[in-house]
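Structure record follows, encoded as structure tokens.
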Amino acid sequence: MKKITILGSTGSIGTQTLDIVQQYPDQFQVVGLATRNNGELLAQQIKQFRPEIVAICQESQLNTIKDAIASLDYSPILLTGEAGVVEVARYGDSESVVTGIVGCAGLLPTIAAIEAGKDIALANKETLIAGGPVVLPLVEKHGVKLLPADSEHSAIFQCLQGVPKGGLRRIILTASGGAFRDWPVEQLKFVTVEDAIKHPNWSMGRKITVDSATLMNKGLEVIEAHYLFGLEYDKIDIVIHPQSIIHSLIELQDTSVLAQLGWPDMRLPLLYALSWPERIYTDWEPLDLVKAGSFTFREPDHHKYPCMQLAYAAGRSGGAIPAVLNAANEQAVALFLEEKIAFLEIPKLIEMACDRFTNQNTSTPTLEDILEADRWARQEVIKGSQEIAKGNKIMSLT
């Protein structure tokens, strides 16, 4: 019985992880839950899974939870705020922490879990993108396992099992192409929020679905793959694979190519991250190659997806620039979802922030450097959006 904690328990990753726990109660026990603001759903999860410790960032939701669980025959530890989430992450009884918090908000809780000796099922890619220079040395120092729980990096990790050190030559990340893969570039100026959050294959949260539509999600995954698997950026490629059946591939030194296939279901990589190195039997629908039909691939359109190249450039620059890229993207997507900027303004604002930060880059950033870069980039994007609202071109900002 593995004891686990779930950060972001009311989001897409968290609820799918709890689906796994519900299906395999003899394999997993929930010790801790944390979320940002969905007190009603969190209360339901407390009733069902009976965790020892719980945190919600939004303190105003605490009474909702207390009222909902007042009749229970036990009392979990209830915490609030970001500090509460950190306490849940490091809570003593848990063996593995699923990091399902969206964005850079997951960085500090993940660091706390690593320092407490917890293995990490990493579904929060921003932790490595922004904090890789800090997180990876901590993983080595504390001897914990960092296991990818997103589909692409789980696929790479699975393909690498049994590959000797030095055997990896190239990584090929597959991308669905997102909501607008079949739209002409000229139509992107008319994109609405409702258009952008309709993913053709995957069921995900709003922010990551927009990232998929811009292909920033794949660009961020390139940076994550660099940190996880140690390849340089010119050895990490992206291909559009509309069917989302092949989740990623690796090329070995002899040019052999290995791939991991499966239906687009996030439970598969989550289960593997929690059960590795074991394989747990499931009754989920097996892949039927005849039903799946043809597999197609094409090169991404760099003009249509400028965010992808911004991510490659930030990764190659290194230092705190990936943290700037990530924060600028988070803020720009948030503004788009609030209908304060247009879809095509997302990459413009990200590029603006990255360009402005060039002379402030630090080659070996500390945690404080990363957090400051994150704060700075968000402010720059907000200022840039305000200039856009006034009718000014952001290129003219000083």
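Cβ atoms are placed via backbone N, Cα and C, with glycine included.
In sequence order, Leu7, Gly8, Thr99, Gly100, Ile101, Val102, Gly103, Gly106, Thr110 make up the list of same-chain residues 6 or more apart from Asn124 (NADPH binding site) whose Cβ falls under 8 Å from its Cβ. According to Swiss-Prot, the feature NADPH binding site maps to Thr10, Gly11, Ser12, Ile13, Asn38, Asn124, Glu126, Gly205, an assignment based on sequence analysis.
Residues annotated as 1-deoxy-D-xylulose 5-phosphate binding site in Swiss-Prot: Lys125, Ser151, Glu152, Ser176, His199, Ser212, Asn217, Lys218, Glu221. According to DSSP, Glu221 (1-deoxy-D-xylulose 5-phosphate binding site) is assigned to a helical segment. Spatially close to Glu221 (1-deoxy-D-xylulose 5-phosphate binding site) yet at least six residues away along the chain are Lys125, Asp150, Glu152, His153, Leu173, judged by Cβ distances under 8 angstroms.
Residue density at Glu152 (1-deoxy-D-xylulose 5-phosphate binding site): 26 other Cβ atoms are found within 10 A of its Cβ, drawing on all protein chains shown. Look at Swiss-Prot and you will find Asp150, Glu152, Glu221 tagged as Mn(2+) binding site.
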Length of the line joining the Cα atoms of His199 (1-deoxy-D-xylulose 5-phosphate binding site) and Gly205 (NADPH binding site), in Å | 10
Gly205 (NADPH binding site), number of other Cβ atoms within 10 Å | 15
